[in-house]
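Single-structure report; data block below.
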Amino acid sequence: MAFITRQYIRSLSSSAALQAIKHVTVIGGGLMGAGIAQVAASTGHSVVLVDTSEDILKKSAKGIEASLKRVAKKKFAEKPEDGEAFVQKVLKNVSTSSDAASVVQGTDLVVEAIVENLKVKQDLFGALDKVAPEHTIFASNTSSLQIADIASSTARLDRFGGLHFFNPVPMMKLVEVIKAPATSQQTFDALLEFSKALGKHPVSCKDTPGFIVNRLLVPYMMEAVRLHERGHGSKEDIDVAMRLGAGYPMGPFELLDYVGLDTSKFIIDGWHAMDPDNPLFGTSPLLNKLVSEGKLGKKTGEGFYKYK
């Protein structure tokens with residue numbers, strides 16, 4: 001009876017804490033991590049952006065400030081002084097650190113936005129699980145890996161979920177909120193409410209490969225590559241057809257270059273290994289060739305197209 005009572009009290013205290021996400025730790029100072037940190041700070045959350053590289057953190061801080069100034073220029077077009085006050089107010093909510101273990105000891109939510117590598121994510125969360133408070137929720141921004149696999153390195157499966165943001169985070173309204181089999185309803189609800197507090201539109205997702213958006217988008221892009229490989233259409237014509245015929249803002253090859261060919265290859269390779277008989281998860285010789293040549297898209301100056 002004493003054990004049951006302790007568990008009940010613990011459940012009540014955890015549930016109450018889950019609803020009050022005030023301090024957020026974002027792991028990963030890249031484009032996605034910086035974007036998540038910016039929107040959280042803009043909505044009054046206390047945010048610490050963490051990365052192992054001080055150079056990355058300095059670049060991230062400059063990027064956040066520049067992004068905020070662009071927002072302020074539009075939002076406060078007629079009162080630039082109010083815009084500057086807005087920028088400074090938000091910046092006060094953001095700090096940086098290279099010591100994740102120290103930061104998470106006082107946080108309500110950890111959002112991971114690092115490399116799409118299962119073991120790296122598991123090692124990170126396994127280490128943080130040992131030092132984070134009991135009430136702290138862990139969330140991954142993974143776009144292709146399953147949340148349950150990442151969470152398996154921790155002892156807080158019930159307090160682990162997914163928050164998949166979209167790039168650029170300050171502008172994109174959608175957040176996929178993922179509930180793994182062991183994620184508690186309290187945790188899932190807290191992640192939904194947090195997403196809404198950021199001014200985002202959350203959608204509920206099961207813990208399946210690619211969730212909703214990428215589960216549809218990645219096979220679509222890969223089928224466009226296969227169409228081109230079969231000689232059934234040039235990449236230029238396929239892109240124009242999907243822009244003008246389907247109303248897409250970018251064609252599939254333009255989108256692949258924007259996302260990064262290495263990222264797309266990593267996702268499809270992982271899904272193919274998981275389900276090799278699924279024709280939607282087939283790999284592409286052309287994509288493999290471009291990646292092997294270091295032609296990764298816009299970030300390297302060349303992918304399916306060349307960029308100046």
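Each residue, glycine too, has its Cβ placed from N, Cα and C.
Here is what TrEMBL says about this protein:
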| type | residues | note |
| --- | --- | --- |
| BINDING | Gly28, Gly29, Gly30, Leu31, Met32, Gly33, Asp51, Glu116, Lys121, Ser143, Asn167, Lys299 | NAD(+) binding site |
| BINDING | Ser67, Lys74, Ser143 | CoA binding site |
| DOMAIN | 23-208 | domain '3-hydroxyacyl-CoA dehydrogenase NAD binding' |
| DOMAIN | 210-307 | domain '3-hydroxyacyl-CoA dehydrogenase C-terminal' |
| SITE | His164 | site 'Important for catalytic activity' |
**Request:** Please find which two of Ser67, Lys74, Ser143 have the most distant C-alpha atoms, given that the record lists them as binding CoA, and give only that distance in angstrom, rounded to a whole number.
**Result:** 30
**Complete:** Here the Cα-Cα span from His164 (site 'Important for catalytic activity') to Ser67 (CoA binding site), rounded to a whole number of angstrom, reaches 20
**Message:** Between all pairs in Gly28, Gly29, Gly30, Leu31, Met32, Gly33, Asp51, Glu116, Lys121, Ser143, Asn167, Lys299 (listed as NAD(+) binders), what's the biggest Cα distance, rounded to the nearest Å?
**Reply:** 24
**Item:** Pairwise Cα distance for Gly30 (NAD(+) binding site)/Lys74 (CoA binding site) [Å, integer]
**Value:** 25
**Asked** Roughly how many Å separate the Cα of Met32 (NAD(+) binding site) from that of Ser143 (CoA binding site), to the nearest whole number?
**Response** 11
**Complete:** For Lys74 (CoA binding site), the same-chain residues 6+ apart in sequence with C-beta under 8 angstroms from its C-beta are none
**Request:** Show which residues of the chain containing Lys121 (NAD(+) binding site), separated from it by at least 6 in sequence, have their CB under 8 Å from its CB.
**Result:** Glu112, Ile114, Val115, Ser140, Thr142, Leu145, Ile150
**Prompt:** Measuring Cα to Cα, how many angstrom lie between Gly28 (NAD(+) binding site) and Ser143 (CoA binding site)?
**Reply:** 15
**Item:** Those residues of the chain, 6+ apart, with a Cβ under 8 Å from that of Asn167 (NAD(+) binding site)
**Value:** Leu31, Met32, Gly35
**Asked** Tell me which residues of the chain lie with their Cβ under 8 angstroms from that of Ser67 (CoA binding site), as long as they are six or more apart in sequence?
**Response** Ala34, Gly35, Gln38, Pro170
**Item:** Average model confidence [pLDDT] within the domain '3-hydroxyacyl-CoA dehydrogenase C-terminal' (210-307)
**Value:** 96
**Prompt:** At the level of the C-alpha atoms, what whole-angstrom distance separates Ser143 (CoA binding site) and Asp51 (NAD(+) binding site)?
**Reply:** 20
**Request:** Quick one: among the binding-site residues Gly28, Gly30, which has the most Cβ atoms sitting within 10 Å of its own Cβ?
**Result:** Gly28
